[in-house]
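Colleague: Submitted below is the structure of interest, expressed as C-alpha coordinates.
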Amino acid sequence: MQTEPLQTPLHCPGTESEQAGRDSACEGCPNQEICQSRPKGPDPDIPLITEALKDIRHKVLILSGKGGVGKSTFTSLLAALIADAEVDKQFGMIDIDFCGPSLARIAGVPNEQCFGRDAKWTPVYAESNLGVMSISHMLPTTDQPVIWRGDKKTGLIKQFLTNVDWGEEGLDMLFVDTPPGTSDEHISLAQYLKPSGGYGALIVTTPQEVALQDVRKQIDFCQKAGIPIFGIVENMAGFVCPSCGGKSDIFVAGTGGGRALAEETGVPFLGSVPLDPRVGMCADSGKDFLTDYSASPATLAIKNVAVNLLTEMGIELPEYLEEPESAIEPAQQTVAV
Amino acid sequence: MDVKNIWLILSGKGGVGKSSTSSQVALTLASSGYKVGLLDIDITGPSIPHFFNLKSAKIHQSSAGWVPVYTDSSKNLGLMSIGFLQPDNTKSIVWRGPKKTAMIRQFLSDVVWGELDYLIIDTPPGTSDEHISIATELQSYQGNLGAILVTTPQEVAAADVRKELNFCKTVNFPILGVIENMSGYICPHCHDCTNIFSKGGGESLAKMYDVKFLGSVPLDPKLITVVEGGNFVTDYKTTDVANVYHKLLQNLVELK
(Lines of atoms letter the chains of each structure in order from A; the text may use other names.)
(Lines give C-alpha, C1' and ligand atoms only; values in the text may rest on other atoms or scores of the structure.)
Protein backbone atom coordinates (compact mmCIF):
# COMPACT_ATOMS: atom_id res chain seq x y z
CA MET A 1 0.00 0.00 0.00
CA GLN A 2 1.26 3.41 -0.88
CA THR A 3 1.39 5.85 1.95
CA GLU A 4 1.54 9.62 1.73
CA PRO A 5 4.39 10.71 3.94
CA LEU A 6 5.14 14.35 4.51
CA GLN A 7 8.80 14.47 5.23
CA THR A 8 9.87 11.97 2.63
CA PRO A 9 11.46 12.91 -0.65
CA LEU A 10 9.37 13.77 -3.67
CA HIS A 11 10.15 10.52 -5.46
CA CYS A 12 9.84 8.17 -2.47
CA PRO A 13 9.48 4.65 -3.91
CA GLY A 14 7.08 3.68 -1.05
CA THR A 15 7.85 1.66 2.03
CA GLU A 16 6.71 -1.64 0.49
CA SER A 17 8.89 -1.25 -2.60
CA GLU A 18 11.91 -3.41 -3.32
CA GLN A 19 13.86 -0.17 -3.74
CA ALA A 20 12.81 1.22 -0.33
CA GLY A 21 15.82 2.82 1.33
CA ARG A 22 18.05 2.04 -1.68
CA ASP A 23 16.63 4.36 -4.32
CA SER A 24 18.54 7.50 -5.20
CA ALA A 25 15.54 9.50 -3.95
CA CYS A 26 16.11 8.03 -0.48
CA GLU A 27 19.37 9.89 0.01
CA GLY A 28 19.02 12.19 2.98
CA CYS A 29 15.57 10.94 3.99
CA PRO A 30 15.32 10.54 7.79
CA ASN A 31 13.73 7.11 7.32
CA GLN A 32 16.28 5.71 4.91
CA GLU A 33 17.85 3.41 7.47
CA ILE A 34 14.49 2.07 8.62
CA CYS A 35 13.38 1.35 5.06
CA GLN A 36 16.68 -0.30 4.22
CA SER A 37 16.55 -2.74 7.11
CA ARG A 38 12.91 -3.75 6.68
CA PRO A 39 12.19 -7.00 4.86
CA LYS A 40 11.15 -6.28 1.27
CA GLY A 41 8.14 -7.28 -0.78
CA PRO A 42 4.78 -8.70 0.31
CA ASP A 43 4.56 -10.60 3.58
CA PRO A 44 5.54 -14.25 2.97
CA ASP A 45 2.87 -15.41 5.44
CA ILE A 46 -0.02 -14.09 3.36
CA PRO A 47 -0.73 -17.46 1.62
CA LEU A 48 -0.93 -19.10 5.06
CA ILE A 49 -3.38 -16.48 6.27
CA THR A 50 -5.49 -16.85 3.14
CA GLU A 51 -5.62 -20.62 3.68
CA ALA A 52 -6.62 -20.18 7.33
CA LEU A 53 -9.37 -17.70 6.42
CA LYS A 54 -11.03 -19.88 3.79
CA ASP A 55 -13.44 -21.31 6.39
CA ILE A 56 -14.59 -17.86 7.47
CA ARG A 57 -17.27 -16.69 5.07
CA HIS A 58 -17.67 -13.04 6.02
CA LYS A 59 -15.27 -10.71 7.78
CA VAL A 60 -16.53 -7.43 9.23
CA LEU A 61 -13.96 -4.90 10.45
CA ILE A 62 -15.25 -2.40 12.99
CA LEU A 63 -13.28 0.78 12.32
CA SER A 64 -13.19 4.38 13.44
CA GLY A 65 -10.38 6.89 13.34
CA LYS A 66 -11.47 8.10 16.77
CA GLY A 67 -11.20 6.36 20.13
CA GLY A 68 -14.03 5.94 22.60
CA VAL A 69 -16.85 6.14 20.07
CA GLY A 70 -18.08 2.66 20.99
CA LYS A 71 -16.28 0.33 18.58
CA SER A 72 -15.96 -2.51 21.11
CA THR A 73 -19.45 -2.01 22.52
CA PHE A 74 -20.92 -1.98 19.07
CA THR A 75 -18.90 -5.00 17.93
CA SER A 76 -20.08 -6.99 20.92
CA LEU A 77 -23.74 -5.97 20.66
CA LEU A 78 -23.92 -6.51 16.94
CA ALA A 79 -22.25 -9.91 17.07
CA ALA A 80 -24.44 -11.05 19.97
CA LEU A 81 -27.55 -9.91 18.15
CA ILE A 82 -26.71 -11.68 14.91
CA ALA A 83 -25.48 -14.82 16.69
CA ASP A 84 -28.71 -14.93 18.67
CA ALA A 85 -30.74 -14.65 15.47
CA GLU A 86 -28.85 -17.46 13.74
CA VAL A 87 -28.39 -20.10 16.44
CA ASP A 88 -27.29 -22.83 14.05
CA LYS A 89 -24.39 -20.83 12.65
CA GLN A 90 -21.02 -20.05 14.23
CA PHE A 91 -19.69 -16.55 14.86
CA GLY A 92 -16.44 -15.12 16.16
CA MET A 93 -14.99 -11.83 17.40
CA ILE A 94 -11.35 -10.88 17.69
CA ASP A 95 -9.96 -7.80 19.42
CA ILE A 96 -6.81 -6.45 17.82
CA ASP A 97 -6.58 -3.44 20.14
CA PHE A 98 -3.76 -5.03 22.09
CA CYS A 99 -2.80 -1.98 24.17
CA GLY A 100 -6.39 -1.20 25.21
CA PRO A 101 -8.48 -4.34 24.87
CA SER A 102 -12.12 -3.83 25.93
CA LEU A 103 -14.01 -6.46 23.96
CA ALA A 104 -13.64 -9.34 26.44
CA ARG A 105 -15.06 -7.30 29.32
CA ILE A 106 -17.95 -5.95 27.28
CA ALA A 107 -18.76 -9.45 26.00
CA GLY A 108 -18.95 -10.61 29.62
CA VAL A 109 -15.83 -12.80 29.63
CA PRO A 110 -13.16 -10.49 31.15
CA ASN A 111 -11.21 -12.94 33.29
CA GLU A 112 -11.35 -16.18 31.34
CA GLN A 113 -8.09 -17.61 30.07
CA CYS A 114 -7.80 -19.18 26.65
CA PHE A 115 -6.21 -22.57 26.22
CA GLY A 116 -4.30 -24.20 23.45
CA ARG A 117 -5.28 -27.39 21.68
CA ASP A 118 -3.22 -29.01 18.90
CA ALA A 119 -1.00 -25.92 18.82
CA LYS A 120 -4.05 -23.70 18.29
CA TRP A 121 -5.90 -21.41 20.68
CA THR A 122 -9.44 -22.23 21.65
CA PRO A 123 -11.50 -19.03 21.86
CA VAL A 124 -13.52 -18.12 24.93
CA TYR A 125 -17.24 -18.50 24.24
CA ALA A 126 -19.51 -15.59 25.18
CA GLU A 127 -22.52 -17.44 23.73
CA SER A 128 -22.74 -21.04 22.59
CA ASN A 129 -22.16 -19.94 19.00
CA LEU A 130 -20.05 -16.82 19.56
CA GLY A 131 -16.34 -17.16 20.32
CA VAL A 132 -14.12 -14.30 21.52
CA MET A 133 -10.38 -13.98 21.09
CA SER A 134 -8.60 -11.16 22.91
CA ILE A 135 -5.19 -10.50 24.39
CA SER A 136 -7.03 -10.13 27.73
CA HIS A 137 -7.40 -13.90 27.70
CA MET A 138 -3.64 -14.33 27.59
CA LEU A 139 -2.37 -11.88 30.19
CA PRO A 140 -1.60 -13.02 33.73
CA THR A 141 -3.24 -9.90 35.19
CA THR A 142 -5.62 -7.45 33.54
CA ASP A 143 -3.60 -4.44 34.75
CA GLN A 144 -0.45 -5.46 32.95
CA PRO A 145 0.37 -3.01 30.16
CA VAL A 146 1.19 -4.35 26.72
CA ILE A 147 4.09 -2.12 25.70
CA TRP A 148 4.58 -3.18 22.12
CA ARG A 149 5.74 -1.45 18.99
CA GLY A 150 3.97 -2.05 15.69
CA ASP A 151 5.90 -5.10 14.54
CA LYS A 152 4.94 -7.14 17.59
CA LYS A 153 1.32 -6.14 17.27
CA THR A 154 1.37 -7.18 13.62
CA GLY A 155 2.78 -10.56 14.65
CA LEU A 156 -0.11 -11.23 17.02
CA ILE A 157 -2.71 -10.13 14.46
CA LYS A 158 -1.30 -12.74 12.13
CA GLN A 159 -1.61 -15.36 14.87
CA PHE A 160 -5.17 -14.32 15.68
CA LEU A 161 -6.04 -14.83 12.02
CA THR A 162 -4.29 -18.17 11.56
CA ASN A 163 -3.96 -19.79 14.94
CA VAL A 164 -7.44 -19.85 16.47
CA ASP A 165 -9.49 -23.02 16.46
CA TRP A 166 -12.99 -21.81 15.57
CA GLY A 167 -14.32 -25.37 15.27
CA GLU A 168 -14.80 -27.75 12.37
CA GLU A 169 -17.45 -25.81 10.48
CA GLY A 170 -15.42 -22.61 10.54
CA LEU A 171 -17.29 -19.35 10.96
CA ASP A 172 -20.17 -17.73 9.19
CA MET A 173 -18.99 -14.30 10.25
CA LEU A 174 -15.93 -12.92 12.01
CA PHE A 175 -16.08 -9.47 13.62
CA VAL A 176 -12.74 -7.71 14.03
CA ASP A 177 -12.61 -4.98 16.67
CA THR A 178 -9.78 -2.51 15.97
CA PRO A 179 -7.93 0.27 17.79
CA PRO A 180 -8.35 3.91 16.70
CA GLY A 181 -6.02 5.38 14.09
CA THR A 182 -4.57 4.42 10.73
CA SER A 183 -1.35 2.72 11.59
CA ASP A 184 0.32 -0.69 11.87
CA GLU A 185 -2.76 -2.72 12.85
CA HIS A 186 -4.87 -1.24 10.07
CA ILE A 187 -2.25 -1.49 7.35
CA SER A 188 -1.47 -5.10 8.22
CA LEU A 189 -5.10 -6.13 8.50
CA ALA A 190 -5.84 -4.67 5.07
CA GLN A 191 -2.90 -6.56 3.57
CA TYR A 192 -3.81 -9.85 5.26
CA LEU A 193 -7.50 -9.85 4.36
CA LYS A 194 -7.30 -8.63 0.80
CA PRO A 195 -6.35 -11.92 -0.90
CA SER A 196 -9.09 -13.94 0.83
CA GLY A 197 -11.91 -11.48 0.02
CA GLY A 198 -15.33 -11.48 1.65
CA TYR A 199 -14.54 -8.58 3.94
CA GLY A 200 -15.53 -5.01 4.54
CA ALA A 201 -15.65 -2.25 7.11
CA LEU A 202 -18.36 -0.97 9.40
CA ILE A 203 -17.43 2.54 10.46
CA VAL A 204 -18.50 3.85 13.85
CA THR A 205 -18.62 7.55 14.69
CA THR A 206 -20.15 9.90 17.23
CA PRO A 207 -22.02 13.02 16.04
CA GLN A 208 -19.55 15.81 16.82
CA GLU A 209 -17.02 17.20 14.34
CA VAL A 210 -13.97 16.34 16.45
CA ALA A 211 -14.84 12.66 15.91
CA LEU A 212 -16.00 13.08 12.32
CA GLN A 213 -12.69 14.58 11.21
CA ASP A 214 -10.86 11.42 12.32
CA VAL A 215 -13.52 9.19 10.81
CA ARG A 216 -13.19 11.05 7.51
CA LYS A 217 -9.52 10.05 7.56
CA GLN A 218 -10.47 6.44 8.25
CA ILE A 219 -12.73 6.45 5.20
CA ASP A 220 -9.90 7.93 3.16
CA PHE A 221 -7.67 5.14 4.46
CA CYS A 222 -10.22 2.46 3.47
CA GLN A 223 -10.40 3.93 -0.02
CA LYS A 224 -6.60 4.00 -0.34
CA ALA A 225 -6.26 0.46 1.01
CA GLY A 226 -9.13 -0.88 -1.10
CA ILE A 227 -11.27 -1.96 1.88
CA PRO A 228 -14.96 -2.04 0.91
CA ILE A 229 -17.13 -0.01 3.31
CA PHE A 230 -20.50 -1.51 4.30
CA GLY A 231 -21.59 1.70 5.97
CA ILE A 232 -21.45 4.24 8.79
CA VAL A 233 -23.13 3.97 12.19
CA GLU A 234 -23.61 7.02 14.38
CA ASN A 235 -23.34 6.17 18.06
CA MET A 236 -24.17 8.27 21.17
CA ALA A 237 -26.65 10.33 19.15
CA GLY A 238 -28.95 12.24 21.48
CA PHE A 239 -29.59 11.67 25.15
CA VAL A 240 -32.90 11.21 26.92
CA CYS A 241 -32.81 12.38 30.55
CA PRO A 242 -33.99 9.56 32.81
CA SER A 243 -35.43 12.11 35.27
CA CYS A 244 -37.57 14.29 33.04
CA GLY A 245 -37.53 12.53 29.70
CA GLY A 246 -36.20 15.68 28.03
CA LYS A 247 -34.03 15.13 24.99
CA SER A 248 -30.67 16.85 24.58
CA ASP A 249 -27.60 16.38 22.43
CA ILE A 250 -24.49 15.86 24.50
CA PHE A 251 -22.27 15.37 21.50
CA VAL A 252 -23.63 18.05 19.22
CA ALA A 253 -23.77 17.28 15.51
CA GLY A 254 -22.53 20.73 14.54
CA THR A 255 -21.71 19.64 11.02
CA GLY A 256 -24.60 17.24 10.43
CA GLY A 257 -23.25 14.17 12.21
CA GLY A 258 -22.85 10.69 10.76
CA ARG A 259 -25.60 11.07 8.18
CA ALA A 260 -23.99 14.13 6.60
CA LEU A 261 -20.61 12.39 6.60
CA ALA A 262 -22.17 9.40 4.83
CA GLU A 263 -23.65 11.65 2.17
CA GLU A 264 -20.42 13.61 1.79
CA THR A 265 -18.34 10.46 1.29
CA GLY A 266 -20.91 8.43 -0.64
CA VAL A 267 -21.01 5.66 1.97
CA PRO A 268 -24.31 4.06 3.07
CA PHE A 269 -25.70 5.33 6.38
CA LEU A 270 -26.77 2.36 8.50
CA GLY A 271 -28.44 4.21 11.37
CA SER A 272 -28.11 6.19 14.60
CA VAL A 273 -28.00 4.69 18.06
CA PRO A 274 -29.01 6.93 20.99
CA LEU A 275 -26.82 7.41 24.07
CA ASP A 276 -28.28 5.19 26.79
CA PRO A 277 -26.35 5.14 30.09
CA ARG A 278 -27.47 1.55 30.61
CA VAL A 279 -25.41 0.37 27.62
CA GLY A 280 -22.25 1.45 29.44
CA MET A 281 -23.43 0.00 32.73
CA CYS A 282 -24.06 -3.36 31.10
CA ALA A 283 -20.66 -3.17 29.37
CA ASP A 284 -18.94 -2.62 32.72
CA SER A 285 -20.64 -5.55 34.36
CA GLY A 286 -20.75 -7.82 31.31
CA LYS A 287 -24.56 -7.97 31.36
CA ASP A 288 -26.56 -8.52 28.22
CA PHE A 289 -28.09 -5.18 27.34
CA LEU A 290 -30.04 -6.54 24.37
CA THR A 291 -31.93 -9.07 26.50
CA ASP A 292 -32.29 -7.03 29.66
CA TYR A 293 -33.57 -3.96 27.83
CA SER A 294 -35.00 -5.63 24.76
CA ALA A 295 -37.59 -2.94 24.09
CA SER A 296 -35.38 0.11 24.65
CA PRO A 297 -34.88 2.56 21.78
CA ALA A 298 -31.16 1.71 21.74
CA THR A 299 -31.83 -2.02 21.24
CA LEU A 300 -34.25 -1.31 18.42
CA ALA A 301 -31.76 1.07 16.82
CA ILE A 302 -29.03 -1.57 16.96
CA LYS A 303 -31.40 -4.11 15.39
CA ASN A 304 -32.13 -1.65 12.65
CA VAL A 305 -28.39 -1.22 12.02
CA ALA A 306 -27.94 -5.01 11.91
CA VAL A 307 -30.70 -5.31 9.30
CA ASN A 308 -29.17 -2.55 7.19
CA LEU A 309 -25.68 -4.05 7.51
CA LEU A 310 -26.77 -7.54 6.46
CA THR A 311 -28.69 -6.03 3.56
CA GLU A 312 -25.61 -4.09 2.43
CA MET A 313 -23.57 -7.29 2.70
CA GLY A 314 -26.13 -9.12 0.57
CA ILE A 315 -26.95 -11.63 3.30
CA GLU A 316 -30.47 -12.99 3.68
CA LEU A 317 -32.09 -11.69 6.85
CA PRO A 318 -32.80 -14.22 9.59
CA GLU A 319 -36.50 -14.38 10.52
CA TYR A 320 -35.89 -12.93 13.95
CA LEU A 321 -34.66 -9.68 12.51
CA GLU A 322 -37.46 -9.33 10.00
CA GLU A 323 -40.24 -8.62 12.52
CA PRO A 324 -40.79 -4.93 12.91
CA GLU A 325 -41.09 -3.79 16.53
CA SER A 326 -41.97 -0.54 18.14
CA ALA A 327 -40.11 1.14 20.94
CA ILE A 328 -42.36 0.72 23.92
CA GLU A 329 -40.43 0.56 27.11
CA PRO A 330 -42.13 -1.10 30.12
CA ALA A 331 -41.99 1.01 33.27
CA GLN A 332 -39.91 -1.47 35.28
CA GLN A 333 -37.08 -1.12 32.80
CA THR A 334 -36.59 2.53 33.55
CA VAL A 335 -33.96 2.31 36.24
CA ALA A 336 -32.45 5.23 38.08
CA VAL A 337 -28.92 6.04 37.02
CA MET B 1 15.13 22.64 24.77
CA ASP B 2 14.58 25.44 27.27
CA VAL B 3 11.52 24.05 29.01
CA LYS B 4 10.99 24.09 32.77
CA ASN B 5 8.15 21.57 33.00
CA ILE B 6 6.88 18.87 30.68
CA TRP B 7 3.45 17.42 31.35
CA LEU B 8 2.27 14.41 29.38
CA ILE B 9 -1.47 13.90 29.06
CA LEU B 10 -2.00 10.16 28.92
CA SER B 11 -4.80 7.61 28.92
CA GLY B 12 -4.92 3.99 27.90
CA LYS B 13 -8.38 4.61 26.47
CA GLY B 14 -9.40 6.61 23.41
CA GLY B 15 -12.09 9.27 23.40
CA VAL B 16 -11.90 10.07 27.12
CA GLY B 17 -10.90 13.67 26.41
CA LYS B 18 -7.10 13.72 26.30
CA SER B 19 -7.01 16.46 23.67
CA SER B 20 -9.78 18.36 25.40
CA THR B 21 -7.87 18.13 28.70
CA SER B 22 -4.57 19.10 27.06
CA SER B 23 -6.15 22.14 25.41
CA GLN B 24 -7.85 23.28 28.60
CA VAL B 25 -4.75 22.75 30.75
CA ALA B 26 -2.62 24.65 28.24
CA LEU B 27 -5.09 27.50 27.90
CA THR B 28 -5.61 27.80 31.67
CA LEU B 29 -1.86 27.99 32.25
CA ALA B 30 -1.37 30.47 29.41
CA SER B 31 -4.14 32.77 30.64
CA SER B 32 -2.34 32.86 33.98
CA GLY B 33 0.67 34.35 32.24
CA TYR B 34 2.82 31.28 31.80
CA LYS B 35 4.59 30.59 28.52
CA VAL B 36 3.07 27.35 27.29
CA GLY B 37 3.64 25.00 24.38
CA LEU B 38 1.16 22.32 23.36
CA LEU B 39 2.53 19.44 21.32
CA ASP B 40 0.17 16.89 19.74
CA ILE B 41 1.87 13.54 19.12
CA ASP B 42 -1.27 11.77 17.94
CA ILE B 43 0.00 11.38 14.40
CA THR B 44 -2.91 9.53 12.80
CA GLY B 45 -5.71 11.35 14.65
CA PRO B 46 -4.60 14.87 15.61
CA SER B 47 -7.35 16.89 17.34
CA ILE B 48 -5.50 19.95 18.64
CA PRO B 49 -6.00 22.08 15.47
CA HIS B 50 -9.74 21.43 15.73
CA PHE B 51 -9.96 22.48 19.38
CA PHE B 52 -8.37 25.83 18.65
CA ASN B 53 -10.33 26.25 15.43
CA LEU B 54 -7.06 26.57 13.53
CA LYS B 55 -7.56 23.78 11.03
CA SER B 56 -6.19 25.77 8.13
CA ALA B 57 -3.19 27.22 10.00
CA LYS B 58 0.20 26.13 8.72
CA ILE B 59 3.60 25.80 10.36
CA HIS B 60 6.30 28.16 9.12
CA GLN B 61 9.80 26.97 8.61
CA SER B 62 12.42 29.40 9.89
CA SER B 63 16.18 29.01 9.77
CA ALA B 64 16.08 27.82 13.39
CA GLY B 65 13.34 25.24 12.76
CA TRP B 66 9.55 24.93 12.82
CA VAL B 67 7.72 27.92 14.28
CA PRO B 68 4.68 26.85 16.31
CA VAL B 69 1.22 28.24 15.61
CA TYR B 70 0.38 30.88 18.25
CA THR B 71 -3.19 31.30 19.46
CA ASP B 72 -2.94 35.08 19.93
CA SER B 73 -0.55 38.01 19.75
CA SER B 74 0.65 37.53 23.35
CA LYS B 75 2.36 34.37 22.08
CA ASN B 76 1.76 32.78 25.46
CA LEU B 77 0.45 29.61 23.88
CA GLY B 78 2.13 27.91 20.92
CA LEU B 79 0.74 24.81 19.23
CA MET B 80 2.40 22.08 17.23
CA SER B 81 0.54 19.25 15.53
CA ILE B 82 0.90 17.19 12.40
CA GLY B 83 -2.44 18.70 11.41
CA PHE B 84 -0.59 21.96 10.69
CA LEU B 85 1.85 20.19 8.37
CA GLN B 86 -0.65 18.40 6.16
CA PRO B 87 -1.61 20.03 2.89
CA ASP B 88 -5.11 18.51 3.11
CA ASN B 89 -6.24 17.51 6.57
CA THR B 90 -9.16 15.39 5.46
CA LYS B 91 -6.63 12.88 4.09
CA SER B 92 -5.36 10.07 6.27
CA ILE B 93 -1.80 9.65 7.44
CA VAL B 94 -1.10 5.96 7.07
CA TRP B 95 2.15 5.38 8.88
CA ARG B 96 3.68 2.44 10.63
CA GLY B 97 5.60 2.82 13.90
CA PRO B 98 9.08 3.79 12.65
CA LYS B 99 7.75 6.79 10.74
CA LYS B 100 5.72 7.95 13.73
CA THR B 101 8.85 7.66 15.85
CA ALA B 102 10.86 9.73 13.38
CA MET B 103 8.17 12.40 13.39
CA ILE B 104 8.05 12.58 17.19
CA ARG B 105 11.82 12.88 17.33
CA GLN B 106 11.58 15.78 14.90
CA PHE B 107 8.85 17.44 16.95
CA LEU B 108 11.09 17.35 19.98
CA SER B 109 14.22 18.58 18.27
CA ASP B 110 13.12 20.89 15.44
CA VAL B 111 10.47 23.16 16.98
CA VAL B 112 11.55 26.64 18.07
CA TRP B 113 9.44 26.99 21.19
CA GLY B 114 11.63 29.62 22.77
CA GLU B 115 11.61 29.69 26.55
CA LEU B 116 8.70 27.74 27.98
CA ASP B 117 7.33 27.35 31.47
CA TYR B 118 5.23 24.38 30.44
CA LEU B 119 5.22 22.01 27.51
CA ILE B 120 1.99 19.99 27.44
CA ILE B 121 2.18 16.83 25.32
CA ASP B 122 -1.08 15.36 24.04
CA THR B 123 -0.77 11.65 23.23
CA PRO B 124 -2.75 8.99 21.36
CA PRO B 125 -4.35 6.13 23.35
CA GLY B 126 -2.40 2.98 24.13
CA THR B 127 1.10 1.97 25.14
CA SER B 128 2.80 1.55 21.80
CA ASP B 129 5.22 3.25 19.41
CA GLU B 130 4.38 6.86 20.27
CA HIS B 131 4.61 6.18 24.00
CA ILE B 132 7.79 4.17 23.86
CA SER B 133 9.36 6.82 21.62
CA ILE B 134 8.41 9.78 23.77
CA ALA B 135 9.68 7.95 26.86
CA THR B 136 12.97 7.28 25.13
CA GLU B 137 13.30 10.84 23.85
CA LEU B 138 12.56 12.34 27.26
CA GLN B 139 15.05 10.19 29.12
CA SER B 140 17.70 12.87 28.93
CA TYR B 141 15.32 15.71 29.87
CA GLN B 142 16.58 17.56 32.95
CA GLY B 143 13.50 19.61 33.96
CA ASN B 144 10.34 18.57 35.81
CA LEU B 145 8.57 15.77 34.03
CA GLY B 146 5.15 14.49 35.00
CA ALA B 147 2.15 12.62 33.63
CA ILE B 148 -1.53 13.47 34.03
CA LEU B 149 -3.79 10.49 33.45
CA VAL B 150 -7.26 11.07 32.06
CA THR B 151 -10.06 8.58 32.48
CA THR B 152 -13.82 8.52 32.23
CA PRO B 153 -15.70 7.04 35.19
CA GLN B 154 -16.68 3.68 33.77
CA GLU B 155 -14.76 0.46 34.38
CA VAL B 156 -14.10 -0.18 30.68
CA ALA B 157 -12.01 3.02 30.58
CA ALA B 158 -10.44 2.65 34.03
CA ALA B 159 -9.23 -0.84 33.08
CA ASP B 160 -7.18 0.62 30.23
CA VAL B 161 -5.95 3.51 32.36
CA ARG B 162 -4.63 1.05 34.95
CA LYS B 163 -2.46 -0.34 32.18
CA GLU B 164 -1.25 3.17 31.39
CA LEU B 165 -0.41 3.75 35.06
CA ASN B 166 1.68 0.61 35.05
CA PHE B 167 3.32 1.80 31.84
CA CYS B 168 4.29 5.06 33.60
CA LYS B 169 5.86 3.04 36.38
CA THR B 170 7.76 0.90 33.89
CA VAL B 171 9.27 3.91 32.10
CA ASN B 172 9.67 6.00 35.28
CA PHE B 173 7.25 8.81 34.45
CA PRO B 174 6.31 10.53 37.71
CA ILE B 175 2.50 10.68 37.95
CA LEU B 176 1.07 14.10 38.80
CA GLY B 177 -2.45 12.79 39.20
CA VAL B 178 -5.66 11.46 37.70
CA ILE B 179 -8.51 13.50 36.17
CA GLU B 180 -11.97 11.98 35.83
CA ASN B 181 -13.55 13.45 32.72
CA MET B 182 -17.16 13.22 31.47
CA SER B 183 -18.18 12.80 35.07
CA GLY B 184 -21.91 13.41 35.03
CA TYR B 185 -24.13 15.43 32.74
CA ILE B 186 -26.54 18.11 33.87
CA CYS B 187 -29.79 17.90 31.93
CA PRO B 188 -30.52 21.32 30.44
CA HIS B 189 -34.26 20.76 30.99
CA CYS B 190 -34.48 19.70 34.64
CA HIS B 191 -30.93 20.30 35.92
CA ASP B 192 -30.75 16.77 37.30
CA CYS B 193 -27.29 15.26 37.06
CA THR B 194 -27.06 11.92 35.22
CA ASN B 195 -23.93 9.85 35.51
CA ILE B 196 -23.91 8.76 31.91
CA PHE B 197 -20.60 7.00 32.16
CA SER B 198 -21.07 6.01 35.81
CA LYS B 199 -19.23 7.78 38.65
CA GLY B 200 -16.17 7.58 40.85
CA GLY B 201 -13.95 5.40 38.63
CA GLY B 202 -11.17 7.99 38.56
CA GLU B 203 -11.08 8.56 42.29
CA SER B 204 -11.00 4.88 43.17
CA LEU B 205 -8.29 4.36 40.56
CA ALA B 206 -6.19 7.11 42.13
CA LYS B 207 -6.70 5.61 45.57
CA MET B 208 -5.78 2.14 44.39
CA TYR B 209 -2.48 3.32 42.92
CA ASP B 210 -1.81 5.87 45.62
CA VAL B 211 -1.61 8.81 43.22
CA LYS B 212 -3.25 12.21 43.55
CA PHE B 213 -6.86 12.59 42.41
CA LEU B 214 -6.94 15.99 40.75
CA GLY B 215 -10.70 16.22 40.36
CA SER B 216 -13.68 15.33 38.22
CA VAL B 217 -14.86 17.34 35.25
CA PRO B 218 -18.52 17.14 34.17
CA LEU B 219 -19.71 16.95 30.57
CA ASP B 220 -20.40 20.56 29.64
CA PRO B 221 -22.44 21.04 26.46
CA LYS B 222 -21.31 24.68 26.49
CA LEU B 223 -17.71 23.57 26.06
CA ILE B 224 -18.66 21.39 23.11
CA THR B 225 -20.54 24.31 21.55
CA VAL B 226 -17.56 26.62 22.05
CA VAL B 227 -15.19 24.09 20.49
CA GLU B 228 -17.48 23.05 17.66
CA GLY B 229 -18.67 26.46 16.58
CA GLY B 230 -17.19 29.24 18.65
CA ASN B 231 -13.83 30.65 19.52
CA PHE B 232 -12.23 28.41 22.12
CA VAL B 233 -9.45 30.82 23.07
CA THR B 234 -11.69 33.79 23.83
CA ASP B 235 -14.92 32.06 24.89
CA TYR B 236 -13.52 29.28 27.05
CA LYS B 237 -13.80 31.38 30.19
CA THR B 238 -17.58 31.55 29.75
CA THR B 239 -17.96 27.78 30.18
CA ASP B 240 -18.65 26.09 33.51
CA VAL B 241 -15.68 23.78 33.18
CA ALA B 242 -13.23 26.70 32.99
CA ASN B 243 -13.68 27.19 36.73
CA VAL B 244 -13.41 23.47 37.32
CA TYR B 245 -10.04 23.38 35.55
CA HIS B 246 -8.82 26.50 37.30
CA LYS B 247 -9.49 24.85 40.65
CA LEU B 248 -8.19 21.48 39.57
CA LEU B 249 -4.87 22.83 38.34
CA GLN B 250 -4.26 24.66 41.57
CA ASN B 251 -3.42 21.22 42.92
CA LEU B 252 -0.32 21.40 40.77
CA VAL B 253 0.59 25.01 40.11
CA GLU B 254 -0.06 28.55 41.30
CA LEU B 255 -2.58 30.33 39.10
CA LYS B 256 -3.72 33.88 38.87
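Keep in mind that glycine also has a Cβ here, set from the backbone N, Cα and C atoms.
Keep in mind the model is a prediction, meaning the values are calculated, not measured.
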Colleague: Considering the [4Fe-4S] cluster 1 binding residues A:Cys12, A:Cys26, A:Cys29 given in TrEMBL, which of A:Cys35, A:Cys99 is annotated for that site as well?
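Modeller: Looking at A:Cys35, A:Cys99, the one TrEMBL places in the [4Fe-4S] cluster 1 site next to A:Cys12, A:Cys26, A:Cys29 is A:Cys35.
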Colleague: Would you mind checking how many other C-beta atoms are within 10 angstroms of the C-beta on A:Val69 (ATP binding site)?
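Modeller: The answer is 26 other Cβ atoms.
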Colleague: Which of these binding-site residues, A:Cys12, A:Cys26, A:Cys29, A:Gly68, A:Lys71, are close to chain B by Cβ (under 8 Å)?
Modeller: A:Gly68
Colleague: Reduce the DSSP letter at A:Lys71 (ATP binding site) to three states and note it down.
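Modeller: DSSP assigns A:Lys71 (ATP binding site) to helix.
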Colleague: Given the binding-site residues A:Lys66, A:Lys71, and counting only Cβ atoms in the protein chains shown, which has the most within 10 Å of its Cβ?
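Modeller: Going through A:Lys66, A:Lys71 one by one, the largest Cβ count within 10 Å is at A:Lys71.
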Colleague: Measure from the Cα of A:Gly68 (ATP binding site) to the Cα of every one of the binding-site residues A:Cys12, A:Cys29, A:Cys244, then give the nearest.
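Modeller: If we rank A:Cys12, A:Cys29, A:Cys244 by Cα distance to A:Gly68 (ATP binding site), first place goes to A:Cys244.
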